[in-house]
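Please read the structure below before turning to the comments.
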Protein chains: 4
Amino acid sequence: MKSIFGKNLTVALFGESHGSAIGAVIDGLAPGIELNLAHIRRQLDLRRAGANAALSTARQETDEFEILSGWFNEHTTGTPLTIIIRNRHTKSHDYERTKDLLRPGHADYTAYAKYGGWQDFRGGGHFSGRLTAPIVAAGAICEQILTAHGIIIGTHLAECAGIADTPFPTSEAALKAAIESVNTKPFAVLDDMAGEQMQQSILAAKSDLDSVGGILETAVLGMPPGIGEPFFNSVESVLAHLVFSVPAVKGIEFGAGFSFAQMRGSQANDPFRMAAERIVTQSNNNGGVNGGISNGMPIIFRTVIKPTPSIYQRQQTVNIKRHENADLQIQGRHDPAIIHRARPVIDAVTALGLVDLFCETYGTNWQTDI
Amino acid sequence: MKSIFGKNLTVALFGESHGSAIGAVIDGLAPGIELNLAHIRRQLDLRRAGANAALSTARQETDEFEILSGWFNEHTTGTPLTIIIRNRHTKSHDYERTKDLLRPGHADYTAYAKYGGWQDFRGGGHFSGRLTAPIVAAGAICEQILTAHGIIIGTHLAECAGIADTPFPTSEAALKAAIESVNTKPFAVLDDMAGEQMQQSILAAKSDLDSVGGILETAVLGMPPGIGEPFFNSVESVLAHLVFSVPAVKGIEFGAGFSFAQMRGSQANDPFRMAAERIVTQSNNNGGVNGGISNGMPIIFRTVIKPTPSIYQRQQTVNIKRHENADLQIQGRHDPAIIHRARPVIDAVTALGLVDLFCETYGTNWQTDI
Amino acid sequence: MKSIFGKNLTVALFGESHGSAIGAVIDGLAPGIELNLAHIRRQLDLRRAGANAALSTARQETDEFEILSGWFNEHTTGTPLTIIIRNRHTKSHDYERTKDLLRPGHADYTAYAKYGGWQDFRGGGHFSGRLTAPIVAAGAICEQILTAHGIIIGTHLAECAGIADTPFPTSEAALKAAIESVNTKPFAVLDDMAGEQMQQSILAAKSDLDSVGGILETAVLGMPPGIGEPFFNSVESVLAHLVFSVPAVKGIEFGAGFSFAQMRGSQANDPFRMAAERIVTQSNNNGGVNGGISNGMPIIFRTVIKPTPSIYQRQQTVNIKRHENADLQIQGRHDPAIIHRARPVIDAVTALGLVDLFCETYGTNWQTDI
Amino acid sequence: MKSIFGKNLTVALFGESHGSAIGAVIDGLAPGIELNLAHIRRQLDLRRAGANAALSTARQETDEFEILSGWFNEHTTGTPLTIIIRNRHTKSHDYERTKDLLRPGHADYTAYAKYGGWQDFRGGGHFSGRLTAPIVAAGAICEQILTAHGIIIGTHLAECAGIADTPFPTSEAALKAAIESVNTKPFAVLDDMAGEQMQQSILAAKSDLDSVGGILETAVLGMPPGIGEPFFNSVESVLAHLVFSVPAVKGIEFGAGFSFAQMRGSQANDPFRMAAERIVTQSNNNGGVNGGISNGMPIIFRTVIKPTPSIYQRQQTVNIKRHENADLQIQGRHDPAIIHRARPVIDAVTALGLVDLFCETYGTNWQTDI
């Protein structure tokens, strides 16, 4: 499999940053879903460059999407739904000048090695973060399906440029409010003061011709127990697979994650208790997943996003044609941070993965079986 | 897909802890591989309970494997290779007594929710860590294939019970020596003094009727650039998918991993340089992967293993039949730590994932094309 | 994919004719199915050599199966179910003598070309018709699932050695009776006189050291409309895919099949009519499938089985080691016809394909959702 | 899987007859293939309605294709290649009037049953034969890949409206000439007199407001031995799967096909002989495939195409909204025969299937490894 994911809900991703269009075919949607186009639009806006001029690239793409197939009389048809977004604001000559100079931290060298130089190098080609736009569109449809089943997803900047946000609260009522709150914010933090500081730090990095990274915390509320497959297709396997397909992600941890290394079993285990008619755990160190299967508690995971590799400082590199050392000063329009733009992408892939897993047990028709 | 992984090299895993046998069908091996049975045996021994009596469960399984198919005249045939391991030292009555009491941190509740009570509950059934034995056997074959292509994999206990080992060295020559060294050790550390302390801490936890976790660091040396697929099937996606299928894994990070959150782009980017005829990076913060594709530097990742959930202390839980709170005192034979036993499993799934990705570009026949 | 089939219900087939065992892993069964072992046993007996001494090979295999996993307290667990059948009555030396002589009509040469000589050549190795035994076992479970949903499958010898049986009747009541009748017969014909003649013709071929083929007609009664996927995963695509995986099958036609070539649209189209509350077609030229999707009428298809390639006459061939012409006189124990033994295999793969397609829309849990 | 096919070369098909566009994402093409756009254009023209005004629908689509991704500097990039074709000459109101009347022989009822009425009903929606245009485009690229490896595919109308063409010749030299000849003809027959009669019969059916079907014979010349997988992914399984995804196909037979029913093994078996350095068979009853694997002889198969279901005669049907019997007189623009237009589609899916199977053994890079 190449740029395709999903067994029950399959997404075939295509396009290059400076080609004519990017898009995705989404196959496996149930018929009769009244698409919430405004939600797709909103999620695309959150991801879009230009939504926050100071923090983001100056590339102005409106990201207007066109649905080519699978949508009729305002509803899904049940046949493959195709979304394309035309590339309009391309300045490909920025890349012509430096096309033989491998940008550190990018896929230039690895794509060259893989495709023998035939890849579209302009703006990263197929490896561009721009390809996450159709993922966000596909994910927005899946979020709508999950919401109809009482499942909501939210992600905030748990840390950016070394500044920490408040973590998601543990009580389900407070978590629900927190998810709803961050989902309306262009710069998604729980503590707006911390958010202000993060933005200052991003701008400080920008003025240093540099960039910053951070950590996203994601919560899924409302999952029933019993979703996920044993071993090779656990909830964690599927979500990690998808999250690592998002450019700049370099790590993921569920629940207590790397902190488990310092715990003993007696602290780490989450004791079961009855709460009204429901089985719950008193703590949630396992992040809502036991043995790879959802246990009904909120699914919690944290994703690290590395600093944007495109920085304006002079960098050491190699000229791939001449096979000699060279210096590179990157041209083009780049973000000093992408973590706030990665946020809706993480939500999107989470939704994709969960819908895929639900359909495994309950079939395609589960999507509209409310 | 359920307990099946791999597109080009497919592993179908089966069995339950207290059933008659566990095993795997490995489909996609090239014909004509002279299997190194001693290496399979050695890796199974590293994983096996009972290899280190004090640190591990008292369940004494010899894990003798039988090859049912796909192997003829000492070589692979190219048709599906099936390995089974009989379960012999089962004491199922240990589980009968407490079968309605959900063990915290285990898959008891989630399997119950998923399978409606029909699952084999004895010793975790299909969710048992015992199922990693056939994975280790399959991985050992893949390691042999990779070794023939000059690629070696090694994993050590970077941290256990709060005690840190020396990290893998950065120079390739030193890394090679380190991998070769840890691959011969039953308790895989670079610093034997640290290893001694870890073992003391494990025994201390054991005497407290408790358990400990830790972090494994894995290195892959000798990877050519250009392996992996863009987006949904990146090296990181495939390895993370597989690593999270190993029970008790709760996080993975590549290269600098979660430390990227505190870095700026100018520190994080790995500058390219020519080294003799080869393109290398001066640092390896990206852990050998750019844009999801191998860049020829060592692939480095760290995996967190939670403390063994089976502890002998009294724990709070729920009786699943009566739907009421209860106390549980676990019976049976359990490890105070499983991290040293998880080590060969991580090596195994890494090898499986890499062979699958190589075959994507180069076909099944690549395996013997040396 | 190699010897693996099925997206929702996956069968991984393994083994060689003269290896230690053959078998299959069946992943995707719902939990809680009380397996009808007697039905599995009966279908295996129908397929088995030796059931009818005169018509079949003298190889006496009892085909006792062992369930290694996925079955607990007489029910499926929901985790992978593994069935193995040991090979006991092997006479491998029959093959040693002639192992360099390619048997015409068999896979000897093609396997040699594919596997470079590493394949197990004894008795056809992995390509042996013996591998259909685990397929029959897997199919028997699927037939049980379908029966519980009111869907029954039957196959008879529509033609053998040039002698024709009565075709399946068109009325659903008569068809039901016909299916139930043939399903109890070791030599499955509707017209027992024709069956008698077929058996005489088979024995005549046998005494000529020769073999015969024939045509199987299969009917599926009780299918609801709406099953199957458009284009690449139509009912016809999936069933044809599976039917061609049965050794000796060389053609398949649905409904009027090759007769459509002589029809006009006005004859070929099946007019719709209301029948009580149900939409039916007045004729069934399309064999229960329109546009690749079931239309609620009986699914009807015909499969041609070529004559057994193993005949005792002297044949012209090539010595693969010496690359020179040679004569071959086949040793071993072979059937003068395999069509009556192929019958339960066609039923089995039909059931496998249909369950896979049902689960696509309705999920794994559909299997027990009656 | 829904409208997706191929493991190594994956085609995701999308679109509806009267939607905004139809197309396909082709993932798994090697980088650096210089696309022969003229060949794609020519194959699309052969398939296109309107190419032969008298024999075909009056719908005038130019079928101009746009490559949205995966193509750069006149070569494939190695990332997903997307082709779209806009629908321009749609007259959707033809369908509005009769949208509740199920067209006999079409997918109207089955799509309704499957999608609960949400499907795009206009012109068959996703089930329209128009969807074969992107398949032809994808196949044309695969034919180009195969041609570069010395493998050529050709299909002719072996029978149409009861009139037979000369079969493909058996000698490889004559077969090569025959394939090259039919590949240049808009109405592909070997015997032009027979072709003339077929066209007269089609026009006769047209004047009777009726339609005709026929049989296509396909040959693949130049296949090496050893391609295909045992059992579930045989050459026959994969080609039959794909061929049955073409609308109107109701049967397929390889080599002697249904004639095997009247043969004895001594006639059916193809004896092996040395011919120069090569192993060949003296006859080719098995159609180039033994045990599911190519044997190096020409692959020969025949496909039956049913008469176009859209006829202008008054037909009996059901009103799906009212659930009552009704009469239907079809509007719109339809072909009295589609067999000549199905021809390039059969070539296309054959090429897709073979490239997929080659890549299984030899990897993606085989495509350009000449």
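Every residue gets a Cβ built from N, Cα and C, even glycine.
Unlike curated records, TrEMBL annotations are generated automatically.
The annotation NADP(+) binding site is assigned in TrEMBL to C:Arg47. The FMN binding site feature in TrEMBL is assigned to C:His126, C:Phe127, C:Ser128, C:Gly291, C:Lys306, C:Pro307, C:Thr308, C:Pro309, C:Ser310, C:Arg333.
Overlay of TrEMBL annotations on the structure.
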residue	record	DSSP (3 states)
C:Arg47	NADP(+) binding site	helix
C:His126	FMN binding site	helix
C:Lys306	FMN binding site	coil
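C:Arg47 (NADP(+) binding site) is 13 Å away from C:Ser128 (FMN binding site) when you measure Cα to Cα. Chain B has a C-beta under 8 angstroms from the C-beta of C:His126, taken from the binding-site residues C:Arg47, C:His126, C:Lys306, C:Thr308, C:Ser310. If you take the C-beta of C:Ser310 (FMN binding site) and look for same-chain residues 6 or more apart in sequence within under 8 angstroms, you find C:Arg103, C:His106, C:Ser211, C:Ile330, C:Gly332, C:His334, C:Asp335.
With respect to Cβ neighbours within 10 Å, the binding-site residues C:Arg47, C:His126, C:Lys306 differ, and C:Arg47 shows the lowest count.
Listed binding-site residues: C:Arg47, C:His126, C:Ser128, C:Lys306. Those with a CB under 8 Å from a CB in chain D, in sequence order: C:His126, C:Lys306. Comparing the binding-site residues C:Ser128, C:Thr308 by how many other C-beta atoms lie within 10 angstroms of each C-beta, the top residue is C:Thr308.
Taking CA atoms as the reference points, C:His126 (FMN binding site) and C:Arg47 (NADP(+) binding site) are 17 Å apart. Across the fold, the C-alpha of C:Thr308 (FMN binding site) and the C-alpha of the residue listed as 'NADP(+) binding site' stand 15 Å from each other.
When the Cα atoms are compared, C:Lys306 (FMN binding site) and C:Arg47 (NADP(+) binding site) turn out to be 17 Å apart.
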